Every structure is written in C-alpha cells, then in structure tokens.
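What follows is a short report on a single structure.
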Amino acid sequence: MEKKAPGNETEPLTSKKDVSDCNKGEDCKENGVLVRSAQPALRPGQDGSTARASQGHRGEAAPLSNGYSAPCNGVAEGEDAQGTAPAATTTTTTTSTTCGAEGQQQLMELEDRETWSKKIDFLLSVIGYAVDLGNVWRFPYICYQNGGGAFLIPYTIMAIFGGIPLFYMELALGQYHRNGCISIWRKICPIFKGIGFAICVIDLYVASYYNTIMAWAFYYLISSFTAELPWTSCTNPWNTGNCTNYFSRANITWSAHSTSPAEEFYTRQVLQVHRSQGLEDLGGISWQLTLCLLLIFTIVYFSIWKGVKTSGKVVWVTATFPYIILFILLVRGATLPGAWRGVLYYLKPDWQKLLATEVWVDAAAQIFFSLGPGFGVLLAYASYNKFHNNCYQDALVTSTVNCVTSFVSGFVIFTVLGYMAEMRNEDVAEVAKDTGPSLLFITYAEAIANMPASTFFAIIFFLMLLTLGLDSTFAGLEGVITGVLDEFPHVWGKRRELFVLGLIIVCFLGSLATLTFGGAYVVKLFEEYATGPAVLTVVFLEAVAVSWFYGITQFCHDVKEMLGSAPGWYWRVCWVAISPLFLLRILKSITPETATEIPFGDIRLNAV
C-alpha cells in the first residue's frame, strides 16, 4: 500500500527508514517498530474528530500495512476516497492523524502487547475453551433425543453455515484490532459498545455458577480416594429406605420409588437438596462445597494472574489430559457387557425426526453453545496473536476438533449406558432419561462404581471433568480481564494481578447462592433461563454490527490485510444473512414464554 506525498513522491509505509531521516510530524519505523516523531500540539479542529464519511472508511483505526491500527480518531487530512492518507515525506507537511499523548499511549500499548509464546499455546487454549463439560453430557443426550445418527445431518449443516462462520469472525476481529470485548467497539461501531459490557456481565454470572459444577466434581474426586466408593452401598447415614442396590445381589426388584445409591449420594450428600424448600428457601451453605470451590478458584487465580504466558502453559495439561481419559474410558466402555445396546441406541437413525423443526433448532443451538462465540473469549485470545497469524486455519482446526470430540464423547457415555441397561434389565431409554449433570454424577458414576478397578476409573473420570471445566473458566475470565484492561489501561494496565484477584473474589462471593443446600436450583435457573437467551442476543447484535454497520467489505479488507486474501462469497453470505437469521430462529425457539417449572434430573422446582 503506497501513499502519495504532495510533491508526487511515493514511498510505502513499510519501507525502511532511519530515525535520523524522519522529519517533523512523520511516522517512521526503526527495526520494524513504528516510531512517532514529535510534533506540535494540534489546534482545535485538527484532533481528527471528523466523522467518517462512510462505514467503509476507517474512523478510529486507520489500517497500516505493518499490521497495526493507528489509534487516531478521524480521517487524516488529505485522505482520499479509499481512506488512504498521504505519507509525510517533507519537513513542511504535518498530518492531522496525530492524536497527542493519548494516541501515543495507545500506540505503545499495541506495540508492547503480550503475545502467545507459541502457536500451539493459542490452539490448545481455544480447544480447551470450546471443549467443555457440555461436550460430554449435552451432545450425546441431544443426539439420541433427536434421531440418533440422523441428527448428525442437521448438526453438520448448522456447523458449516452458522457456528464456524461466527467462530471465524470473532477470531479475525480480535486478531486484527488487538483489543478485548469492550474497547474493540471503538474501532468497529461505537454505538454497539454496550455489547462489550454485556459480555463481561454474562461472563461474571456464568463464572458464578459454572464453577459450582466443578466443585461437585471435585467433591466426587476427593470421595473417590477410598477402597470402596461411597455411592456403591445403601448403608451410609444419608441413605433412605428407598435406596435399592441392584448390583449387590441378584433378584432385586426395581420399582418406581426405587433410588440408586449413586442418586442418593448426589442429591443427599453432595447437594443436600433435601434440606432446602426450593428457590424461596435455599437453606444454609454447604461448607464442604465451599472449600472445594475455594480451592478451584485458587488454582484458577495462579493459572491466569500473569496473562496468556502462564495460562498458555497450564492448558498443555488441562486441554490434553481429557483426551487421554476419554480414550481410556472409550476402550473400557467398549469391553463392557451390553455396550453394543448403548451404541445402537445412540446412532440408530430416525429419519422422520429430520422433518421436525425442533431437531434443526436443537442442532443449531448445540453447535453454537459448543463453539462458544459471544463470550468475548475468542476476541481476547485472538488479540494476543501475531498480526499475520492464519486465524482462518485456526478456526477450521479448532472447530473440527470440537465437533469430533462431541461425537466421540457420545460413545464414551452410551457404551456405559448400554451396560447399565444390561445390568438393570431395562431399555436404554429408561437408563438415559437423566440429563445434564445428573447423567454424569448419577448414571455414569454408578456405572463406574460397579466396574472392576472402580476407584481408578472414578478418579480419572472426575479429574477429567475438573480439567474440562478449568479450561472454560480460564477462558471466560480472560475475556473479562482483557476487556477491562484494554478499556482502562491507565487504571489497571500495570495492576493485572490485583485486578484478577479482585475478580476472583467477586466470582467467589457471587457463587455463594449456588453453594447452599438449594444451590442446584440456582444453577439450573441460570443455566436454562439466563445464559442462553443473553448470549444469543449478544452474538446476534455482534454479527449485525460487524456485517451491516462496520461493513462486510471493510471487514473482508481487514482479513485480506492479515492473511493476504479476502474471504470468499460463502463467508460473506454467512456473515451477512445466514448466521444472523439462524441466531434469530434459535432465540425465538428457546426464549421461555409459558414455562412453569425447571427440570433438574429427578428434582423439579417451581419457577418464581
């Protein structure tokens, strides 16, 4: 990209110049770093506050060919119709793109911005964020509920035309503008800046209940270090008369009122939900879960307090360990009696289901929540990439890994469900009726307890759940941290450790309601009614702001500047029309209108 000087002299911005050759008011490069020479203070009207003429023009962030955005608000004096400013090549030329001390500070922040130590650190962090607890329990349940193998057709279509384009869009936005979820809107469309604050609020209350599920897993992990797992018998203090241990001896009748030892351990010992009257009376706080959550937040703090340099190393363990465990559990599950029944139930196609609108909506919702755009995480992680990193390739690789992991997790879960059905002498449908956390903490835990070497498999399984959750927590909090630090660098720029500590304390205090005896009700309330509609609304507005206000032409130009080639028509059509439309369709379908109760496994509560 060349810019003409008034004297018909041309010189590319990327050409090498010595600092000594820079004239007053020029921008030069020394050793590849943009250097702004000193120039006099601007008079009123020269501060670059001129509004851009069209959304194709770069207002605040004029693109430079060195891969950074000049932090100047407005159009340079003498700027041509395409938004290119003339280069200052003489001592008499002064441009109006200089922003004074504030602009120089922002420029230094871009130059000094932390980057990932290695490309693999970024990929593992994104994979760890996208692959979470939902991949283990939600996808298998949604799959068999919506036609088994036939469900893979709408799932794949929705991934191609909805989830992956939005995933790619966020990575490209974050990498190009190198800002978090709040300050990035100054460069895209300032009127939508509220999206950034909304993302931070959503991330905060998600952290307040999502980590409680990890506290449950941590409680199970600690309880697993025994010769006999505590949810294998009905002789414990928390058991009731309905407890039926059909694994202990033959000819046990399973009635409608029967409860398994695993279910009573989960509901009466871990959650202690029987000590609560519902949302109107949550009861006291469980000190056991409080200690578990405190330890989890301590691990989180020391993993992210220094930035992506440290968290990028932690994910080498937390992002790879679950795959080792999934492979071990898959092999073990495949060798169990009755495993084939579960696999058949999981994949047996019901082609009639494809005619139901709900199946397509479920597929769209699943792929969206699985990949996870709209939480500010992809923006934050990508902002620490090098400018010319191939984010297009990253989007394809990480989203493919995510979808394959969900599919494989189904085999891990349903081989065990087939084994459970064989042992109970029931249909797989009866065993698989539990959804959400109940599928892991009751059904799967019970199956593990009755395997040979049950203690070993219980330890690695709940350790896997813990690492899956930690990756997502790292990512969600990093979305908030990067957003706030980029928006208020003069306040928190040099105080990251202190800000992260305060954020962790706020999240822990916000989690207290979920640590009560009725905390399971609060978790389900947030999960079903708060997160979904809010995130979908945010990402819909984000897609509209980028494609229709910032301009699809300008956005594609930004991608071309980074990668060397502009996105094709397929990506443009998805960003402008298909993705926003499918988001609207999901929003319309999942927004609760007349719901009166929220299911929580076998527990039900009235919504207030």
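Positions of Cβ are set from backbone N, Cα and C atoms, glycine also.
According to TrEMBL, the protein has these features:
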- 1-99: region 'Disordered' (REGION)
- 14-30: compositional bias 'Basic and acidic residues' (COMPBIAS)
- 84-98: compositional bias 'Low complexity' (COMPBIAS)
- 122-140: transmembrane segment (TRANSMEM)
- 152-173: transmembrane segment (TRANSMEM)
- 194-222: transmembrane segment (TRANSMEM)
- 285-302: transmembrane segment (TRANSMEM)
- 314-340: transmembrane segment (TRANSMEM)
- 360-384: transmembrane segment (TRANSMEM)
- 396-421: transmembrane segment (TRANSMEM)
- 441-466: transmembrane segment (TRANSMEM)
- 498-523: transmembrane segment (TRANSMEM)
- 529-549: transmembrane segment (TRANSMEM)
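The transmembrane segment (360-384) makes contact with the transmembrane segment (396-421), as judged by at least three Cβ pairs under 8 Å among residues 6 or more apart in sequence. Comparing 122-140, 152-173, 285-302, 314-340 for CB pairs under 8 angstroms to the transmembrane segment (529-549), the maximum falls on 152-173. With a threshold of 8 Å between CB atoms, the same-chain residues lying at least 6 positions outside the transmembrane segment (498-523) that come near it are 204-205, 207-209, 211-213, 215, 271-279, 281-286, 289-290, 293-294, 297, 300-301, 304-305, 477, 480-481, 484-485, 492, 598, 600, 603, 605.
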